[in-house]
Ligand SMILES: Nc1ncnc2c1ncn2[C@@H]1O[C@H](COP(=O)(O)OP(=O)(O)O)[C@@H](O)[C@H]1O
Ligand SMILES: O=P(O)(O)OC[C@H]1O[C@](O)(COP(=O)(O)O)[C@@H](O)[C@@H]1O
Ligand SMILES: [Mg+2]
């Protein structure tokens, strides 16, 4: 069997470990052949792929990014797109199945293509932890580690100057990176999209920290909005899929806090640092296991399914189930963290 692999959406530490896990398992257990599509769905639409042999994946599990490249190309738009064209390209090149590694967007596209008869298996990828139907995906643990280290570093400079630091982390429309890194780093307030808050409450937390002689540290998720804002802050235009590019809320909040509390405030936006570099050991193991399981799913003809982590087991679920709703931070987890604010 010849299997095509693609990585799509925002890159994420652990993508290469999935590719390595899939190729090793496929070659060793099933005598499979592999090709890699370049730049996500773009490689599928343009028929742009390269062979991946066993020696190509040597030492790959610790390498950040993706050797295949990624993009936010829509497989339903433009020349060569759509299920009929894609199936023709696969037939012409003797490619029997696709393993699509991506987040909720990539997997939604995969589901639409499998509904039209294509043979695709999904592997969940997200630093945001916004995918339902998997307890975690690789990338999240690494992003939280990076954000936590940044928070630790910001605290020493904040304490040295008696300043308030506002740290912005990624996460799109969910607050998992903020919640976990904020809790790990002992943040005095964590602001997430699931819980719009008013500026007076934020300043109350900040002032109570200052009154104890400490430097306040606020972690804010990029998708957070104050309760009087209609939507998340965005001033960077649209992404390739015409969605607003998020980011910049920390830059708005810091001066508001300074003006209301009189505490000198600074903002830091962590941005793509959270997605760069080597994956954590946890993410390498998870990614390798998901990659291996995705090949088994191909040999089980489990089209339209996604490999998933349930507890400590790797299982399969239908992609439809996985992309039906976002994995948001539940109320109970926020209430639990809130005890520590101020
Ligand atoms: N409903 C959809 N139908 C077809 N393609 C989609 C759909 N949603 C997302 N995609 C494609 O998948 C790409 C990757 O999705 P995105 O959300 O950017 O990353 P991720 O897969 O990491 O969530 C998008 O840029 C878009 O081209
Ligand atoms: O890389 P870009 O296009 O700047 O996108 C930034 C977005 O990508 C992410 O890092 C990951 O999102 P996806 O999993 O949807 O790709 C988000 O946290 C962030 O909002
Ligand atoms: Mg997404």
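Every residue gets a Cβ built from N, Cα and C, even glycine.
Given the structure is predicted, the values throughout are model-derived calculations rather than measurements.
For reference, TrEMBL has these:
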- 128: active site, proton acceptor (ACT_SITE)
- 104: Mg(2+) binding site (BINDING)
- 2-298: domain 'Phosphofructokinase' (DOMAIN)
- 105: site 'Important for substrate specificity' (SITE)
Close to ligand 3, in the sense of Cβ under 6 Å, among 104, 105, 128 as recorded positions, are 104, 105
Please report the Cα separation of the residue listed as 'active site, proton acceptor' and residue 104 (Mg(2+) binding site) in Å, rounded to an integer. 10
Taking the Cβ of residue 105 (site 'Important for substrate specificity') as centre, how many other Cβ atoms lie within 10 Å? 20
Listed recorded positions with Cβ under 6 Å from ligand 1, out of 104, 105, 128: 104, 105
Quick check: in three-state DSSP terms, what is residue 104 (Mg(2+) binding site)? helix
By a 10 A CB contact count over all chains shown, which of the recorded positions listed here is most packed: 104, 128? 128
